[in-house]
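Chemist: Once you've had a glance at the structure underneath, I'll fire off some questions.
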Amino acid sequence: MSMRRSKAEGKRSLRELSEEEEEEEETEDEDTFEEEEALEKKQKGKATSSSGVCQVESCTADMSKAKQYHKRHKVCQFHAKAPHVRISGLHQRFCQQCSRFHALSEFDEAKRSCRRRLAGHNERRRKSTTD
């Protein structure tokens, strides 16, 4: 057995190399197109959320200058911290943990996080102290 290979066996033909390069370019073009599409979708989503309105009935707060957090959750700063608000005819409060409005019955006294989330938080705290 010889360690030497013929030129035909040891080297790829120029045609094979150019075909591979074309395939790579096509793949790169597809990836770029998909990235551009994703970016466009992301930008479209941002445009609609920046002109949001507070969820609370009869709230006329200007959300265009609100923090991104408040725009994302469609709640003005005042109502995010209010002890109770009226949404769909129900008295509710904004939960800081869930970033949603819940019925007042889901909160303990004047707390701003619902019982369910507070229970999970307390459970995690207890586990870390016993370790």
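Numbers here mean position along the shown chain, with the first residue as 1.
Glycine is treated like the rest: Cβ placed from N, Cα and C.
For reference, Swiss-Prot lists these features for the protein:
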- Cys54, Cys59, Cys76, His79: Zn(2+) 1 binding site (BINDING)
- Cys95, Cys98, His102, Cys114: Zn(2+) 2 binding site (BINDING)
- 1-17: compositional bias 'Basic and acidic residues' (COMPBIAS)
- 18-38: compositional bias 'Acidic residues' (COMPBIAS)
- 1-54: region 'Disordered' (REGION)
- 45-129: region 'Sufficient and necessary for DNA binding' (REGION)
- 111-127: motif 'Bipartite nuclear localization signal' (MOTIF)
- 51-128: zinc finger (ZN_FING)
Chemist: Reduced to three states, what secondary structure does DSSP give His79 (Zn(2+) 1 binding site)?
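Modeler: For His79 (Zn(2+) 1 binding site) - judged by DSSP and reduced to three states - the answer is helix.
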Chemist: For the recorded Zn(2+) 2 site formed by Cys95, Cys98, His102, Cys114, which further same-chain residues have Cβ atoms within 8 Å of the site's Cβ center?
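Modeler: Residues close to the Zn(2+) 2 site, other than Cys95, Cys98, His102, Cys114: Arg93, Phe94, Gln96, Gln97, Arg100, Phe101, Glu106, Phe107, Ser113, Arg116, Arg117.
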Chemist: With helix taken as DSSP H, G or I, strand as E or B and everything else coil, how many residues of the motif 'Bipartite nuclear localization signal' (111-127) land in each class?
Modeler: 13 helix, 0 strand, 4 coil
Chemist: Name them in sequence order: residues not among Cys54, Cys59, Cys76, His79 whose Cβ is within 8 Å of the mean position of the Cβ atoms defining the Zn(2+) 1 site.
Modeler: Gln55, Val56, Ala61, Met63, Val75, Phe78, Ala80, Val85
Chemist: When a 10 Å sphere is centred on the Cβ of Cys98 (Zn(2+) 2 binding site), how many other Cβ atoms does it contain?
Modeler: 14
Chemist: Write out the long-range same-chain contacts of Cys114 (Zn(2+) 2 binding site), meaning residues 6 or more apart in sequence whose Cβ is under 8 Å from its Cβ.
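Modeler: Same-chain residues close to Cys114 (Zn(2+) 2 binding site) (Cβ under 8 Å, separated by 6 or more) are Cys95, Gln97, Cys98, His102, Glu106, Phe107.
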Chemist: Output, ordered by sequence, the same-chain residues six or more apart from Cys76 (Zn(2+) 1 binding site) with a CB under 8 Å from its CB, or 'none'.
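Modeler: Once residues fewer than 6 apart are set aside, Cys76 (Zn(2+) 1 binding site) is near Cys54, Val56, Cys59, Ala61, Met63, Ala66, His70.
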Chemist: If you average the pLDDT over the region 'Sufficient and necessary for DNA binding' (45-129), what number do you get?
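Modeler: Taking every residue in the region 'Sufficient and necessary for DNA binding' (45-129) and averaging pLDDT yields 89.
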Chemist: At 10 angstroms around each C-beta, which of the binding-site residues Cys54, Cys59, Cys95 has the fewest other C-beta atoms nearby?
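Modeler: Comparing Cβ neighbours within 10 Å for the binding-site residues Cys54, Cys59, Cys95, Cys59 has the fewest.
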Chemist: Looking at the binding-site residues His79, His102, which one has the fewest other Cβ atoms within 10 Å of its own Cβ?
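Modeler: It is His102 that, of the binding-site residues His79, His102, has the fewest other Cβ atoms within 10 Å.
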Chemist: DSSP three-state call for Cys54 (Zn(2+) 1 binding site): helix, strand or coil?
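Modeler: In three-state terms, Cys54 (Zn(2+) 1 binding site) counts as coil.
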